[in-house]
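A short write-up of the structure that comes next.
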Amino acid sequence: MSELLQFLISGITVGAIYAAIALGFTLIYNASGVVNFAQGEFVVIGGMTAAALIGAGVPVWIAAPLAVIAGMLVGVLLYRLAIRPAGQAPLVSLIIITIGASIFLRGAMQAVFDKQIHRYDGFSGDAPLRVGGATILPQSLWIIGGSVAVFAFLAWFLNRTRAGRGIRATASNRMAAALVGINTGRAMNLSFALSAAIGALAGVLATPVTFTSYDVGVLMALKGFSATMLGGVGSPLGALAGGLLIGLIEALTAGYISSDYKDASAFIVILLVLFLRPQGLFGARIMERV
Amino acid sequence: MAETTEPLLSITGLRSAYGPIEVLHGIDLTVREGEIVSLVGANGAGKTTLMRCISGVQPIKAGAIRLAGEDIARRPDHARASLGIAHSPEGRQIFGDLSVSENLALGGYHRRDALGPDMEEVYRLFPILRDKSALPAGGLSGGQQQMLAIGRAIMGRPRLLLLDEPSMGLAPVLVDQVFAVVKSLRDRGVTLLMVEQNAYAALSIADRGYVMEQGEITLSGLASELIADPRIREAYLGA
């Protein structure tokens, strides 16, 4: 029993990280229809920047926000320098641009930081807390809390704020959005900035548990993208649920079968869901009559 | 010039192109406050392009677009809504994955005042939209989407309403309903510029009309004169 509890705790912790990454995907997708494959790189930028600052003696409560801001700035640059100049290029071209950006950012991080694996101490120490026969790291609570906070923020932002409604309208029909007075360029810019900030925040929170290095972004993006697909592209609730589900499947497979199969089991579940319910668990079935 | 004699919309020498191909070759057109002006012409004459230039989503090469005397040709597309221009575009261009009520609310995106009364008014004009208000707009029938596009434009509380093919794809009974709405909007002080394939219906509710052919205005005048003009009757009214 305590064994199961332990697996669940680690599954939720990892799942919360995937969920935060998936929420970043969701935001950019909601604004532009683009799947941003550089999303994993923002996780690494957050983790590596925080590690470098903390290593240089900066206190964590200053380093963490700075790392998130660094990620946000790179996100704005990605939009301004790579996405916006492509103009009205087809979506597939834009998605390929994000893959190129991901490769570029990985190389840049090797140069700016290094190839070592980094971590820093958990925000509230590394002494595990006892929970009914299992243990949980205080940092896990930071990760779970952070993901839930990001989810709540996004759900509120996209549905209840003017800027958020502008982002959704821009994604739905850019010309119509311009006609009703939405500055679509600003909506795109904002969504890239926020999405990158969310990715960097995930990296800052996760690094004490998962460690980071310049090249972990690929796997992070893959898992986050899977979570997005599983939950339903475009739905913040789907991103949260998809992330947690993938984390739990991985942890239970690793615990009860073998950690060799943990990635496979997650992908098998995703395939099954996509066969039976292609719009994902929480995605709306979109109809368009012509 | 006194404010009262200034036309609401005044276009002079407007040229626009898609890439190297010029499709509007110097358009002059005016719409006075409180008028319904119809723009008729064959497919590909440039009517939709002209409407898009006015609302700003199509760039222009030369010429002036004045709204109540102010040149707005260089203002970005998203600034035009708050200047008082609303555009119900060709092909409806609704927000398909958002709900009907969200679509209407977005029509008033630039407004800072309460949208409730105008939303109520749109539901009164098109009662079917109230029944479907919570459903995704992409699931509506073509005619319902057309009503939604017009309703969304009304939500912007425009001074100048651009209607591109408001009767497209509508059953005849709905065409009558849409034209009745157009007339009622004018009675409430909205000025309308309308593009229509259905030239007879468009000219019969309009004050004045323009005929476009191959990117140029070839004829203009009072709507009643245009309906009676033998050239128009032959080319556009099937008489």
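Cβ from N, Cα, C; glycine included.
It should be emphasised that the depicted structure is a prediction, and the values quoted were computed from it without experimental measurement.
Copied from TrEMBL, the annotated features are:
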TRANSMEM  A:7-29  transmembrane segment
TRANSMEM  A:49-79  transmembrane segment
TRANSMEM  A:91-113  transmembrane segment
TRANSMEM  A:140-158  transmembrane segment
TRANSMEM  A:192-214  transmembrane segment
TRANSMEM  A:234-257  transmembrane segment
TRANSMEM  A:264-287  transmembrane segment
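Using a cut-off of 8 Å between Cβ atoms, the transmembrane segment (A:234-257) and the transmembrane segment (A:140-158) share at least three residue pairs, counting only pairs 6 or more apart in sequence. The transmembrane segment (A:140-158) makes no contact with the transmembrane segment (A:91-113): fewer than 3 of their CB pairs lie within 8 A, with pairs spaced 6 or more apart in sequence.
Using a cut-off of 8 Å between Cβ atoms, the transmembrane segment (A:49-79) and the transmembrane segment (A:192-214) share at least three residue pairs, counting only pairs 6 or more apart in sequence. Below 8 angstroms of C-beta separation, residues 13-14, 17, 20-21, 23-25, 27-28, 31, 36, 39-51, 64, 67-72, 74-76, 78-79, 83, 106, 109-110, 113-123, 126, 137, 139-140, 142-143, 146-147, 150, 154, 157 of the same chain, each at least six residues beyond the ends of the transmembrane segment (A:192-214), sit close to that stretch. Within its own chain, the transmembrane segment (A:91-113) is flanked in space by residues 32-38, 40-41, 44-45, 48, 51-52, 74, 78, 82-83, 214-215, 217-218, 221, which lie at least six positions past its ends and keep a Cβ under 8 Å from the stretch.
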